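**Q** Pulled these from TrEMBL:
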| type | residues | note |
| --- | --- | --- |
| SIGNAL | 1-37 | signal peptide |
| DOMAIN | 65-153 | domain 'PPIase FKBP-type' |
| DOMAIN | 177-265 | domain 'PPIase FKBP-type' |
| DOMAIN | 289-377 | domain 'PPIase FKBP-type' |
| DOMAIN | 401-489 | domain 'PPIase FKBP-type' |
| DOMAIN | 545-580 | domain 'EF-hand' |
């Protein structure tokens, strides 16, 4: 504006002055810029930290007094490397805040988390200052460190336990001197895996609290329940200390174990019996020497299934108290009732011991059997007979040789039905003493009245024995019969198949010899005997085929086997030693 108000002459003079002023200002600006580009850098007052990686979770942050393990790469501002822990193949291990590091690194490490990575710039006065460090670091050097924190712990640290799964029931917890079986994954604090029982597909088995383990694990396992999962973190003082294990675990390393407890017992343990179902009535309990039939499901303490009699559709049959089964089962089957269900927990020293059985039962495993008692008996048992109904009148009782008719319901001791005559709508008919039924039934039917009812319990050695009856009666099964005598026909005296009701004719042979040829043919003999029975003069043994009886009688009289009976051959029973004929 001022320039516009000047005269033309003044305009020319002012323009020159203005141009000179602008040139001077431009020159001064260039000088300032040149000086700024060549001036020495402004010194750092403090460390600068650039976090290049921050983990999602901070397991633990460094505090003054902590001991740390970290990797680093040291460079100058121009990128030239002067040192690296990676090149040495080992972390740098040191206490923080105890002047064991340059001051800038002491400050930079505080607050860092495990697995965090930072770029740290340290001014000379917080590094090696004006003295530098030998031929490696010149005086007044700014230092850059690329730091990766791997581990941190404190001398006052103890074992840290984080339980992340607790079973719904816990009947017992680990105590000192217990023997445990567990799986684990072992890592360093930065997550590096150094060992795992899972990869070996075998549990780690050991005593607890007696020095068989590193101190931290000895402490960390105490109080665990079977099925519990916990993370046990321990400082090196309770792990492998300053030297590590010489292989996968470096010195001064914190250890982290992810543990699941599968089994525990104590050498002083006996079996544990828990009754699940006890029948209301129990007339008898098993004793040593009894033979027991039972079903079972077998599992390990963590619930892992290893065997079942149900899957084979057959009971397990054995004597108890005689060493035929593992000691714990021998003991656990004593004192049981038929129909009882119980859980038997057996420590390994009463089961399969340190060796186990191979693929199914590992060594030193506690076993759990859920048992259902089907039946039991003793080799000295006899048939048990219980009269459940007795008629008011009893004309006579059954004896050997009688032909009887009876109904029955047959079952096993656990109530499983086997057979019933009621299903067929007819009685079962036998001759007592003729081995037509099992011995126990023979015994149970003796001295019985028509209309009487009985309850029989027949041990297998008087029933169907060890083999049983295919698809009907299991081997070694105790049988239960509810029987009712419907009818009976008196049998003949023992040793007789035919008797005379009247006096014997003195012309017996002549009466048989119809054609009077001095010999009796089979047809003549049969016709004569059947006529005597029809006319009520004689009686055949009941319950048998009459023609088979007569054929047998004829064969006994036909001494020479020529198919004919002569008068010389013919004799009455009274005239010769005992035979089952006339």
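Just so it is clear, glycine is given a Cβ too, placed from its N, Cα and C backbone atoms.
Unlike curated records, TrEMBL annotations are generated automatically.
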**Q** For the domain 'PPIase FKBP-type' (401-489), what does DSSP give as the number of helix, strand and coil residues?
**A** 13 helix, 37 strand, 39 coil
**Q** List the helix, strand and coil residue totals of the domain 'PPIase FKBP-type' (65-153) as derived from DSSP.
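**A** DSSP classes over the domain 'PPIase FKBP-type' (65-153) add up to 14 helix, 37 strand, 38 coil.
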**Q** In the domain 'PPIase FKBP-type' (289-377), how many residues does DSSP assign to helix, to strand and to coil?
**A** 12 helix, 35 strand, 42 coil
**Q** For the domain 'PPIase FKBP-type' (177-265), how many residues does DSSP put in helix, in strand and in coil?
**A** 13 helix, 36 strand, 40 coil
